[in-house]
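Peer 1: So that we are looking at the same thing, I have put the structure below in structure tokens.
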Amino acid sequence: MSLADLIPSLRTTLSSRLAPGLWPETARATCDGQLLVGGVDLAELAGRFGTPVLAVDATDVRSRCRAYREALPGVEIAYAAKAFLCRAMARLVDQEGLAMDVCSGGEVAVAAAAGFPGERMMLHGNVKTDEDLKTALAVGVGRIVLDSLEEIPTLAAVVPTRQQVLLRVVPGVDAGTHAGLTTGTEDQKFGLSITTGAAAEAVRRVLARPELELVGLHCHIGSQVRSVRRYVDAAERMVAFLAEISREHGVELPQLDIGGGHAVAYGPDEQSLDLAAFGRTVPAAVAGACRWHGLQVPRLTVEPGRALVARAGVTVYRVAAVKHGVHRTFVAVDGGMSDNPRPALYGARYPVRRFGRPERVRSVPVTVVGRHCESSDVLAEETLLPEDIAAGDLLAVPCSGAYHASLSSTYNQVGRPPVVAVASGAAVPMLRRETVEDLLHRDAG
Ligand SMILES: *Cc1c(COP(=O)(O)O)cnc(C)c1O
């Protein structure tokens with residue numbers, strides 16, 4: 001019997017330990033098994049919104065936006081909207097004074113519908129359709145990042161006024177991450193290679209176009225990058241290329257965007273990118289390289305997506321069945337790869353926590369699986385859950401804020417879960433649950 005059993009009032013005040021670094025800033029676990037985020041009891045949230053449901057700690061997002069601004073004074077911070085976007089999120093990013101990366105007409109339209117100013121948007125993408133460009137130009141998109149030679153005349157032909165552009169360049173730096181998340185090496189689909197001369201040719205062509213104003217270079221070496229050193233390497237290559245441009249054309253480009261991809265830990269053994277070290281090192285390395293080449297120091301931009309929202313999100317599932325197999329125990333939940341395809345895409349695995357009732361028994365290793373018809377629909381393997389885990393129990397999965405809702409699908413015609421902002425004890429819907437009516441709405445019959 002524990003102290004909390006003897007003195008019942010202690011149960012809710014004593015907090016039980018949450019693995020550090022994985023849960024939102026305001027997450028609290030009590031000894032009687034409650035889990036609160038933003039002061040909202042997640043069991044109540046599940047009761048009100050159903051399961052699965054994705055809770056987003058708005059306080060956590062805001063404080064990460066602020067941490068970036070503090071760690072990188074004078075550096076433009078652009079939120080990569082593809083990590084998670086809805087109107088409430090766009091307003092939050094706007095209120096925090098960040099710029100926004102968008103990569104489709106749809107992302108432009110959602111941000112614009114929230115009142116996010118077009119001039120603080122930057123349009124990316126290796127394919128920009130006529131529709132994407134039309135939508136972006138209609139809101140007066142601040143900058144467009146050119147990704148191929150073909151885009152140069154296409155864009156020049158449609159811009160209503162002189163358009164600021166950057167060129168996405170391949171720095172030839174291996175981000176040291178999953179192959180599906182690497183974008184800075186030579187052999188991939190994004191950007192223009194310095195090595196092949198395509199980047200230099202693009203600079204010539206853009207400078208020859210009076211409709212386009214080349215304001216800088218952009219690179220993005222990948223996602224889940226843990227090493228500050230790789231950013232320094234990429235930035236130094238970019239400065240060397242800025243110097244080449246200056247020698248050939250006599251122009252010093254005023255902006256350098258070194259992309260996003262800052263790593264977030266998804267488990268207790270994983271490492272996040274050290275933001276403080278990044279802030280101390282990267283701008284100084286750029287300034288040093290510019291001095292060496294005799295260049296003005298360009299204004300830097302960084303584009304974190306995941307690092308701003310991943311840890312704010314907690315997905316709540318309900319256990320549907322527990323199967324004790326010959327080799328292992330399977331715990332099946334009422335969501336899976338439709339609300340979180342990261343396990344199937346990258347082999348991602350998550351810590352899982354039961355909540356809603358006290359833990360009175362020992363924990364045993366189980367495999368937590370989703371509801372979908374694919375064997376890759378696995379959330380956690382050999383993870384510890386209380387051995388009395390049973391149908392009806394609630395499970396919380398942290399680090400769900402980035403690339404969950406935005407990558408979700410309606411596989412098996414399962415409607416996408418609601419996303420609810422939680423802060424100061426209030427739960428405010430950001431996206432409602434997708435219904436069968438929604439699914440049938442686009443079915444032409
Ligand atoms: C995806 C992407 C980002 C953000 O990546 P994160 O891993 O979420 O930080 C930033 N810039 C560009 C160009 C991207 O494609």
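Placement of Cβ uses the backbone N, Cα and C atoms for every residue, glycine included.
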Peer 1: According to TrEMBL, Arg342, Tyr346, Glu374, Tyr403 bind substrate; which one of Arg299, Arg306, Arg311, Arg442 is annotated to that same site?
Peer 2: Arg306
Peer 1: Taking TrEMBL at its word that Glu303, Pro304, Gly305, Arg306, Tyr403 bind pyridoxal 5'-phosphate, choose the one of Gly261, Gly267, Gly347 listed for that site.
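Peer 2: For pyridoxal 5'-phosphate, TrEMBL names Glu303, Pro304, Gly305, Arg306, Tyr403; of Gly261, Gly267, Gly347, the listed one is Gly261.
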Peer 1: By DSSP, how many residues in the domain 'Orn/DAP/Arg decarboxylase 2 C-terminal' (311-401) are helix, how many strand, and how many coil?
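Peer 2: When I sort the residues of the domain 'Orn/DAP/Arg decarboxylase 2 C-terminal' (311-401) into the three classes, I find 7 helix, 40 strand, 44 coil.
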Peer 1: In whole Å, could you give the widest CA to CA gap in the pyridoxal 5'-phosphate site formed by Gly261, Glu303, Pro304, Gly305, Arg306, Tyr403?
Peer 2: 15
Peer 1: Starting from the Cβ of Arg306 (pyridoxal 5'-phosphate binding site), draw a 10 Å sphere and report how many other Cβ atoms land inside it.
Peer 2: 25
Peer 1: On a count of neighbouring CB atoms within 10 A, which of the binding-site residues Glu303, Glu374 is highest?
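Peer 2: Counting Cβ neighbours within 10 Å, the top one is Glu303.
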